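Listed features, source Swiss-Prot:
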ACT_SITE  Cys50  active site, nucleophile
BINDING   Thr49, Cys50, Asn51, Arg52, Ser105, Glu110, Pro111, Gln112, Gln116  substrate binding site
BINDING   Gly185, Ala186, Gly187, Glu188, Thr189, Ile190  NADP(+) binding site
SITE      His95  site 'Important for activity'
Amino acid sequence: MSLVAIGINHKTATVDLREKVAFSPDKIHDAMKSLASRTRSGEAVIVSTCNRTELYCNNGDEADIIEWLEEYHGLDHQDVAPCLYNYHGQAAVRHLMRVASGLDSLILGEPQILGQVKQAFVKAKEAGTVALTIDRLFQNTFSVAKKVRTETEIGAAAVSVAFAAVSMAKHIFSSLSTTKVLLIGAGETIELVAKHLKDNGVASMVVANRTLERAQSMCEEFNATAITLAQIPDFLPKADIVISSTASPLPILGKGMVEKALKQRRHQPMLLVDIAVPRDIEPEVADLDDAFLYTVDDLHSIIEQNKASRKEAAEQAELITEEQSYLFMDWVRSLESVDSIREYRSQSMAIKDELVERALNKLAQGGDTEQVLIELANRLTNRLIHAPTQALTVASRQGDLNTLGQLRTALGLDKN
């Protein structure tokens, strides 16, 4: 067993590169099957969010996995390699546990990443790229993340990218209660944004989504108006704040659309926060007067303040993930010992079956019973002690007292 984790995140790469290596929801199923085919175990999970893309594989070659990632997205090695990080074995286990617990998030302790990791695991199971080791790894990880939440204050006054987006709006507008907000998307992040906006007194919200039914379902909770993406040009001029987070592979708001809306607003300022990867809003929008565009990479000041308040809780959480990653590796080693024992027993039984069959044939041919049994016992003894005898001889000749002592203990020669 050899667990490998390879990834890229907000710490190692810009949003430009992150969106190039992101996997869209409609393609991730086939992508995981393709990745799993490059491993010896057929096990792989891809975690792809706005802030990270990570590949978790069992019995995969690091160089081969990186090559697959570059080939899949059509990227040059020199552009991707400097931004990649990789972990093996226990380090890979701990990294996944840290990610799921929110310890590696843009906003320390944010809870949404756990749901995203769970969703990635479900998709991997649907793709048939999960077996014993990866299944146990992710199930343990979910338990560890829950343990971190219940035993530390990492989740106190929970924040997220959504919270940071709303916090930025509060810094720009003296009062959110009089602002009109357009939310694009209806996923978990936008739902959190809507919750934070409502908590801050926003009464006028419009939710635009590809499927109107999903937007309507969300709007019921927040007393908002649901529209389709095609209706955005009609509602954009009325919006003081636009926050977007969809899984669209192409931008939803272009410079021309925003420029037209600003003219209709008579150049009243508009705050646009794009927390999607790939980006929902064309970067050129930032060139427009009266348009203030921010992406996830612009939220660092809020995030740094959050990190300071959660440092102590994070230290406690780090100890939990370290301990639990060691416990998981103990299970892995026990699994490997079970395989070794099963193989050793199978080998011994095969020798026994071979020699017993030979003895029975001799008896059937009229051989002397006592002589056949003595010969069977001698041959069986010699075959079974052959490998241990060779190992003892090699250890003795090499002066390897440690191995020699372990062999003597294993063979029951040193009994205390």
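Including glycine, each Cβ sits where the backbone N, Cα and C put it.
Where Swiss-Prot records a feature, it is marked here on the structure.
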residue : record                        : Cβ contacts under 8 Å, 6 or more apart
Thr49   : substrate binding site        : Ile113, Gln116, Val277
Cys50   : active site, nucleophile      : Arg18, Ala22, Val161, Ser245, Ile275, Ala276, Val277, Val296
Asn51   : substrate binding site        : Asn9, His10, Arg18, Ser105, Leu106, Val161, Val277, Val296
His95   : site 'Important for activity' : Ala5, Tyr87, Asp104
Gly185  : NADP(+) binding site          : Ala208, Asn209, Ser244, Ser245, Thr246, Ala247, Ala276, Asp280
Gly187  : NADP(+) binding site          : Ser245, Thr246, Ala247
Glu188  : NADP(+) binding site          : Gln112, Gly115
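The two recorded residues Pro111 (substrate binding site) and Ile190 (NADP(+) binding site) have their Cα atoms spaced 14 Å from each other. Taken residue by residue with DSSP, Ser105 (substrate binding site) is part of neither helix nor strand, so it is coil. Listed in chain order, the residues near the NADP(+) site other than Gly185, Ala186, Gly187, Glu188, Thr189, Ile190 are Glu191, Leu192, Val193, Ser245, Thr246, each with its Cβ within 8 Å of the site Cβ centroid. In this structure, of the binding-site residues Ser105, Gln116, Thr189, the smallest number of CB atoms within 10 A of the CB marks Gln116. Around the Cβ of Ala186 (NADP(+) binding site), the same chain contributes Val207, Asn209, Thr211, Arg214, Ala215, Ser217, Met218, each under 8 angstroms and 6 or more positions distant in sequence. Less than 8 angstroms from the CB of Ile190 (NADP(+) binding site) sit Ala162, Leu183, Ile184, Val207, Met218, Ile243, Ser245, each of them six or more residues away in the same chain.
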